[in-house]
Amino acid sequence: MDPDGNPYKVYVNVCAEFNADGSLVPLSFVWEDGTRYTIDRVTDVRLAASLKAGGIGMRYTCRVRGRLTYLFLDDNRWFMERKGV
Amino acid sequence: MDRVVLHSDLNNFYASVECLYRPDLREKPVAVGGDPELRHGIVLSKNYVAKRYGIITGETLLEARQKCRDLVVLPPSYRKYLRFSDRVRKIYGDYTDRVEPFGLDECWLDLTGSLDVLGLDGAAAADEIRRRIREELGITASIGVSFNKIFAKLGSDLKKPDATTPITRENYKSVVWPLPAGDLLYVGYATRRKLSAKNIRTIGDLASTDPLYLEAWFGKWGLVLHCFANGRDSSPVAEYGQEAVIKSVGNSTTAPRDLVDREDVKITLWALSESVAMRLREQGLSCGTVEIQVRDTALFSFVRQKKLPRPTSLASEILKAGMELFEAGYDWKKPIRSLGIRGCGLVPESFPEQYTLFEDPEKREKLLALEKTADQVRRRFGNLSLRRAATLVHRDLGDLDAKADHVIHPVGYF
């Protein structure tokens, strides 16, 4: 749960791989309903703020089941934006 | 060739960071302020919604709540702000190594040498920096672009939020000169009043006043102000990291209750002096000058300083100087709300000292050894583990742990 009680911020478990070149690539994440989603491709990595979830971090644009979604890494914690509440 | 200097000012910094983390509050009036329970009750920062209610930085939370009953007051979280400030400076670092911070939320950048490499002009670089701050950190900045630091700073104040304001040799007379003289850096309340008595109201008035008059009225400051008003400011933007040199070590506190007599003041100053002395010793420094700040319950405040006979890092000597300053400077018309003490004129601890025949340097060395031993005890068992008996007289005042509570303040321009 987000310490500020923000309903749009969802912390998730992530399985990621550290590559030999030092890069970090998330492979899959577990959504709050327990479903594990495999990340097919990371299309973009950059520092970005999430106005919706309220936070900053390294933003991974991920292709998951044909859709683009953002995965943020902030200080060793991964979070995502919830679509609607 | 003219320099290209940027001054970047993060808009409503503390409040913006808080609102980033609390999307539910963004449309509500929000102020960041000290803990009202402990009476550190002033507005440190507010968002634009709160501003529309007329809430201003520096007023008490009580006054602010009278203007807006639904005001959301959040306690400051300095660690978060330091983190954002650090991230912003990393962005600046992509454009130049000449980055001079002015507090947590303001910085000067000198791009003179790097624009060719970047392939940008000053305003375009400012736009890009603003875009990155907005996208990467979710907060906004106003940036002034000019040929000196003073006009760059003025520019960053002109358009908010998230805007670039260029002040050039061509437009400064029409942009800067109509502004009130008080907008100029270092024209404070007292100077503004004196200027206004001479019918000097705008920066343009100041610029066209004969510098000889200004010198007669204000001394050499008058000449500095005349130069500032005319855009003649050649002070360099410091290189990144240069600001880390400590110029003073100070602590201040708003007491948990009003201080009503000499003893209250002494207890509080003891706690503050101990912290200042301990921090001086941590850095291997001694201070040659002691300065106190006193603020009464009507929020009137004054600052007094004195040079010490010799540099010191002893709490007892800092306190003694502080009490002397206080007794010479305060008339007890009102109780006191907050107190601060600061050591400046810093020299290395190992600075050679000349004693007079009648002093006992050994006694001082023993005292220093004693205080250093106390430092070690406190490092291991906490700052309140070993304390002066005087601070136990009134527990409500004496429990102040000034060292753990201390906050970093911006240093002056010069």
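Including glycine, each Cβ sits where the backbone N, Cα and C put it.
Annotations in TrEMBL come from automatic prediction, not curation.
Here TrEMBL flags B:5-188 as domain 'UmuC'. On the 0 to 100 pLDDT scale, the model's mean across the domain 'UmuC' (B:5-188) is 92.
Taken residue by residue with DSSP, B:D9 (Mg(2+) binding site) is part of a strand. Per TrEMBL, Mg(2+) binding site is recorded for B:D9, B:D105.
DSSP assigns B:Y14 (site 'Substrate discrimination') to a helix in the three-state reduction. With a 10 A radius on its CB, B:Y14 (site 'Substrate discrimination') counts 27 other CB atoms from all the protein chains. The site 'Substrate discrimination' feature in TrEMBL is assigned to B:Y14.
Positions annotated as active site by TrEMBL: B:E106. Classification of B:E106 (active site) by DSSP places it within a strand.
Around B:D105 (Mg(2+) binding site), the same-chain residues six or more apart in sequence whose CB sits under 8 Å from its CB are B:D9, B:L10, B:F13, B:S85, listed in sequence order. Put simply, B:Y14 (site 'Substrate discrimination') is 12 Å from B:E106 (active site) when counted between their Cα atoms.
The recorded positions listed here are B:D9, B:E106; among them, B:D9 has the most other Cβ atoms within 10 Å of its own Cβ.
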